Structures are given as structure tokens and as C-alpha cells.
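Engineer: Dumping the structure here so I can ask a few things about it.
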Amino acid sequence: MDVCSWKEMEVALVNFDNSDEIHEEPGYATDFDPTSSKGRPGSSPFSNWRVLISDNTNHETAFSKIPGEYVDPPGPEPVVLNEGNQRVIINIAGLRFETQLRTLNQFPETLLGDREKRMQFFDSMRNEYFFDRNRPSFDGILYYYQSGGKIRRPANVPIDVFADEISFYELGSEAMDQFREDEGFIKDPETLLPTNDFHRQFWLLFEYPESSSAARGVAVVSVLVVVISITIFCLETLPEFREDRELKVVRDPSINTNKTGLSQTMFTDPFFMVESTCIVWFTFELVLRFVVCPSKTDFFKNIMNIIDIISIIPYFATLITELVQETEPSAQQNMSLAILRIIRLVRVFRIFKLSRHSKGLQILGQTLKASMRELGLLIFFLFIGVILFSSAVYFAEVDEPESHFSSIPDGFWWAVVTMTTVGYGDMCPTTPGGKIVGTLCAIAGVLTIALPVPVIVSNFNYFYHRETENEEKPNIPGELDKILNSMGSRMGSTESLNKTNGSCSAEKSRK
């Protein structure tokens, strides 16, 4: 049978096929030559079948449906001169995807990028790779290779299913971390725990109130001590409780020297006794946490620990000052008392110790930290406005004899009060020009403050909703948690993902 007869048979067969179901079959490089050595088409039927199913044929024929064992010789993955441009077929549970080999070779450590790994799934009879996996998920997997490492979950694929596909195709920990971040999994800093079991128990007891009932009890005691300390700090300034603790200078005529004495014995003062009890607890807590902490360097980098240190310094500074000032001259005593008052003022920072046990204060701190740029812009705008309007009101009021603005620095306070819309009224312009400047100052202040406020509020809402969602929403399905946890161990990672209500925390397992 000659070539013309075979082509007539092809036309006849194509006419019987449904044209709607015809798909173009991709061509593959092969060492098979459909022509004879003399350049003429071969006369064997198999050579004609090869011509009919080659990529020069635009329509599928009945011969293209012949099983591969009658057409393609079985063997390993086809090799061509330009392997980078070679097209490969990936069959995902019957859905075929076509891409170039160089696209897959971008990531040689993955399942599809490693030749040895993907050859385990090569079907030599059909000349394609076959994976009995989730079909819609492979859109995102193939996009990872095409985009150079960007992972995107298709909208119609559940999170746990796509996470399992990332694990199966061995895309790596970076792809999994990117997927977690895109899906709203907030990765918290890694939690370090002491290696010693005894130290770990005390560290959890004082550092993590939610770890046990005993830890919650310690947290309650710590909060009560802080509240008592702040209460004592405020009550001792009341007139009915305040005693003159400054030293009285008593002149002794016989020796013509100054002798000093305390208005009352400091060690019998009830406020001092209560304060000492609070300081004992603060010191014990601080020293114990320092001894059992897993990293001494990180301990001093923690702002909460710095606040704890600052909160107990005034007590010991006051105690030392009171004990040594009896031998000092009167002038040095006055200086010591001035320093002592400043040191005592630092005690007010103990209120920040409550943030260790208050989610609200932690959210506020996170908001301020995230909004530092906006707060800096706000202060910068206020600074410009203060300089501008204090100068303007000075020159507007300079000819007024009863003006409150004797200089530009005197107008700083008025500009700040006016721009913040407080308006104490202690200083105000009296001339028409000064009132116009005051009006513009108030309007500029409203606009200046209003501009960065929405960004700060947005940051607060973000941290607030993230925290409330962690407490109110139910846990995610255990299947997803299992997949994500197994992903870390499969990739050789020591991190495990605990996602609760839209957030995740990385905990390092230590021996």
C-alpha cells in the first residue's frame, strides 16, 4: 500500500472523528526517520503511521490513538541536542500539562527538577510523567516553576490539600514559609527554652503564665505586688500621709558644726516597709529569671527585663543615699535630696511591669513600635508648625504693648497648645493679625494630626484583631496541622507549626 492510499485512509478516519474532541498532540524529538535512506517516504505501514501522528499533522487521527508500544520504542527519557528547549508532558490524574524542561531544571532540588526523582514517575509507553495527585493544585505548583519561585494557592484548592502538594513535590522550606505567610500564618520568633529540666520549669513558671496553673498563680501574685507598689507610690504623697523626710539641720553651738538627723526613722516608716516587701519580690523574680534564662545576652536585650531592673534601682539608690548622707555637709545633702527625688520618680515605671501580664498593653506597645515612622512624621510636622506659627504670631503681636509674646521661644508653648487643639488660654493673641495667625495655626494643627492617625489606628486594629482571633476562633483542622508539622520534619527542619485562629508560632524542639 503506497503513501497516497494511507493518506486517503487518514482523511476517511478523520471524517468519522468528532472534530470537537480533536486536540493537537505535542511533538517530541525522536531518532525515528519516516523516510528511507533515499529521501522517499518509507513503504511500510508503521512508517506511514509515524508520519500521521507526527507534529506536522494538525489533527488527531485514529492512528494517533494507537498505544505507544506500537509507535514509540520504550526507553528512558528522550534526549535531544538542545535539552533545555525540550517539551515534556506532565499528566496529573488524566489532566495533561506541557512545559519546557529548562523550566523544571530551575529548581534541581525539587521532585520535578531532579531528573532521577522525576524518572520514577516517567511512563515510557506514553512518553510522559504521570502523577496521581490533585489536579487543581498543580496549577499553583507549575506556576512556582514558571515564576521562578513564587508560590500561589489556586482559589478552589483547600489550604491543607495545597500544603500536602507542596510537601509531595518537595518545593522546600522557603516555599512552605512563603505559603504560610500568604495564607495569614504569622510566624512568631522562635521560642528558646533552657536545656536543663529544672531551669526550664522555673523559666516557664515565671515567663509563661499560660503554661500551667502554678504559672498563672505566680502571675497573679506578681500583678498584685505591682499594684500595691504603685498604690504606695501614690498614697505617700497625700498631705495626711506625707511627712517631711528631708534632713533637719540642727546647729550645735558648742562645736559650731552642723548635725543632721532624720525627721523620722526611715526603717519604721510603714510605707518603707511595704515598699521593701515589694522590692524583695521584684528582686527575687528578676534574679531567678536571670539565672534560669536560656540566653543571658537576649535577657538584657528584652525591654521588659530592662524595665524590671529600672523599677528596683530607685529603692537601693534611696537606701544608700539615706544611710550615707548623715556624714555629708549641708550643701551636699541638698544635692543628694534633689537626686533622690529624681530617682524616686523612676519608680513610676513599675507600671509597665503590668504589660508582661496584659495583652492590651502588649498590643499598644506593638502598635507604637509599628507606627514609629508615622509618629516621627507627626512630630516633624508639629515641629515645623511650631516654628512657623510662633514666628508669625510674634511679628503679628510685636507692636502690641500688652502682648504675651515677648519672643519667638515664648510662642512655642502657644503654638503647641493651639496645634493640638488644647487651648489653655494662658497665652492668646490680641491683634487682628495675631488672631488670623491663631486661626491658621489651629487649622494646620488639625490637619497635621489627622493625617498619620488613620495609619496608627489601622496598625492597632491589625494587632488587636490578630490577638482576639487567637482567643476566640476554634483551632484549625487537625489534618492541616499534621501536614504542616510533617512538612518541617520531612525537610529536615526542627520547627513545628502551631496555628491557632490564623496565627502560627514556631517552636524549636530541643533535646
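Each Cβ is built from the backbone N, Cα and C atoms, and glycine gets one as well.
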Engineer: In Swiss-Prot, one of 193-198, 403-408, 421-426, 463-468 is tagged motif 'Selectivity filter'. Which stretch would that be?
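Structural biologist: My reading of Swiss-Prot: the motif 'Selectivity filter' range is 421-426.
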Engineer: Under 8 Å Cβ-Cβ from Cys293 (S-palmitoyl cysteine), six or more apart in the same chain: what's there?
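Structural biologist: Within the chain, Cys293 (S-palmitoyl cysteine) has Cβ neighbours under 8 Å at Pro194, Trp203, Phe299.
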Engineer: Under 8 Å, at least three CB pairs between the transmembrane segment (339-358) and the transmembrane segment (303-323) (pairs 6 or more apart)?
Structural biologist: yes
Engineer: Give residue numbers and ranges for long-range contacts of the transmembrane segment (303-323): same chain, 6 or more residues beyond its ends, CB-CB under 8 A.
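Structural biologist: For the transmembrane segment (303-323), the sequence-distant neighbours (Cβ-Cβ under 8 Å, at least 6 residues beyond its ends) are 262, 266, 275-276, 279, 282-283, 285-286, 289-290, 336, 339-340, 343-347, 349-350, 352-353, 355-356.
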Engineer: What parts of the chain pack near the transmembrane segment (375-395), using Cβ distances under 8 Å and only residues at least 6 beyond its ends?
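Structural biologist: Apart from its flanks, the transmembrane segment (375-395) reaches 368, 405, 407-412, 414-416, 418-420, 429, 434, 437-438, 440-441, 444-445, 448-449, 451-452, 456.
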